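As written in TrEMBL, here are the features:
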type	residues	note
TRANSMEM	B:21-40	transmembrane segment
TRANSMEM	B:46-66	transmembrane segment
TRANSMEM	B:78-95	transmembrane segment
TRANSMEM	B:101-124	transmembrane segment
TRANSMEM	B:131-149	transmembrane segment
TRANSMEM	B:169-192	transmembrane segment
TRANSMEM	B:221-240	transmembrane segment
TRANSMEM	B:252-269	transmembrane segment
TRANSMEM	B:276-294	transmembrane segment
TRANSMEM	B:300-319	transmembrane segment
Amino acid sequence: MSALLSADGVSLAFGSVQALKDVSLTVAEGEITALVGDNGAGKSTLVRCIAGVHRPDHGTITMRGESLHLKSPEDAREQGIETVHQNLALVEDLTVWQNLFLNRELVHKMGPFGLLDRRRMQRQAREMVATLAVNVPAVGSRVRRLSGGQRQAVAICRAAGFSSQLVIMDEPTAALGVQETARVEELITKLRDDGRAVLLISHNFDQVMRLSDQVWVMRAGRCVGGRRTADTTGQEIVGLITGAIQ
Amino acid sequence: MTTVAATPRFNTGRLKDVSFWAEWAAAIGLVLLVIVFQILNPTFLSTGNIASMLVAAAILVILAVGQTFVVATGGIDLSVASMMTLGAVGFGQAYSHGWGLTWSCLVAVAVGAVTGLINGLVIAKGRITDFIVTLGMLSAASGAALILADGKPVTVIDTTLLQLSTGGIGVFGWTVLIAAVVAIIAHVLVFWTRFGTHVLATGGSREAANATGINTDRIKIAVYAVSGLLAGLAAILLVARVGAAEPASNTSFLLNSVAAVVLGGVSLLGGRATIAGPVIGALLLTALTNGLTLLGVSQFYQPLAVGFVVVLAALLTRFQK
Ligand SMILES: Nc1ncnc2c1ncn2[C@@H]1O[C@H](COP(=O)(O)OP(=O)(O)O)[C@@H](O)[C@H]1O
Ligand SMILES: [Mg+2]
């Protein structure tokens, strides 16, 4: 197991709220790494630092041994880090294909100008969506018309496309029903089988124990421990989350 | 019944769908208005009247296109008419100081673009609500126009400018053709460029757009600059039409630009927009005032009629999916 990405001593404060305190963890290549913790523990904030949304006050984020200086989500995407944010970063008024290619639009270049290559984007979007295990919507339909599971599938599809190396998912199944959750879990496993690293935030212990290879636990802004999933139990993880195990 | 005959391709299922009517409210409204006015007064559709209606609509079309970009991002530009006034005064000052027509036109456009840019910068960087900033600019730009012109109009007598307002190709005056070109460019921008997609994304969900790396601040600044630039362009047409640069407040242009956007089915919440809709909305509003004038209805009733139509259209858009 070699580390694809590591965070070292990452701290971040929002005014007087110290959201992250000296957080260090690693994400291994080709594995599903789970990140768990109570609400407000700082999981989303950490993930936003890795995704280039926030810039840490202290600490470094390293990818393949090289330290990253992410100034924007675009920088992170260029490094092959794609994120499915907790609040689903899709634009509901745009179509599926427009969302899949948002800020990655394909254009016919004409000097300094570029006209959208709508047809090519639609075709590629169909191909991207066809690889999903979920029953897929027509790529021309607006996201507003999709079900929760379909939206999540589109968001994951976007993160999985474009040769990403690390896919971060912030509670991807929190708002889904049983069947939709099962489908999204299939997608997550499929990403790992394709050789990609996945960083999965989840509140669902069953899911974490079933899917992940490694678990990191956060409590009150700190990373309080990491375990190989095979060597731990749900009970131990709960203990770490609540602070019963120090 | 007329619409059914005119559109045999649509199945009757769609015609029972309220959102279909909402989407096409402006176009249907325009057709109905034209039919009613033509029945009541046969000169309504005379070549002369059509030509004059189109000329009368040109300025509003340009302002409404600018307003559409802003509204598509979920904002509103209450300063369009004031920026136009300031642009016109800038034109008048440049012209009366002997700068010539070309430079005067450039001054008008630059004044509009810069004021729009200021709107955008304050909104994006200052994190102040669009409504408040452009309300402030409405007042500030009108004030600046009054100060600059010392409250007095400047007469502009220029043969080229006169040509602009009276000449044209066939039934289409030059100003109409300018407005048409603006609308076409805007349509291409919205639907066929990355910029257009990012404008809609910013209006649809600023957070989501940001997360994909779109610089939504820059988009906000750009749409206000576009609105200002078009207000500056409209100022030239206004000076050409009036024959003078006046520091008059053009409040009805502001109200009508927002009304045209609403009539055009563009959501004031942002994220969804067309250019054709607001253009048709502007034509409808112009046809309404023109028709009422032709019928000899007192001018006092025109704002009442406009208000009624706009609220009706807004009610219809509630059913839009
Ligand atoms: N943008 C922000 N501004 C201010 N405080 C924030 C912001 N984002 C998160 N926080 C605070 O940081 C802490 C960690 O939040 P978060 O990372 O969302 O936790 P989790 O995802 O683990 O539930 C919370 O106290 C939250 O209120
Ligand atoms: Mg969270």
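The backbone N, Cα and C atoms fix where each Cβ goes, glycine too.
Please treat TrEMBL annotations as automatic predictions, because they have not gone through curation.
Keep in mind it's a predicted model, so treat the numbers as computed, not measured.
If you look at the transmembrane segment (B:21-40), the same-chain residues 6 or more away from its ends with a CB under 8 A from one of its CBs are 2-3, 6, 263-265, 277, 280-281, 283-284, 287-288, 291, 294-295, 309, 313, 316-320. Same-chain residues lying 6 or more positions outside the transmembrane segment (B:131-149) and placing a CB less than 8 Å from one of its CB atoms are 75-79, 81-83, 85-86, 88-90, 92-93, 115, 118-119, 122-123, 245-247, 249, 254. Away from its own ends, the transmembrane segment (B:221-240) comes close to residues 58-59, 62-63, 65-67, 69-70, 72-73, 75, 77, 79-81, 83-88, 90-92, 105, 108-117, 119-121, 123-124, 156, 161-162, 164-165, 175, 178, 182, 195, 199, 250, 253 of its chain (Cβ-Cβ under 8 Å, at least six residues beyond either end). With a threshold of 8 Å between CB atoms, the same-chain residues lying at least 6 positions outside the transmembrane segment (B:46-66) that come near it are 77, 80-81, 84, 165, 168, 171-173, 175-176, 178-179, 182-183, 186, 226-231, 233-234, 237-238, 241, 253, 256-257, 260-261, 264, 275, 278-279, 281-283, 285-287, 289-290, 294.
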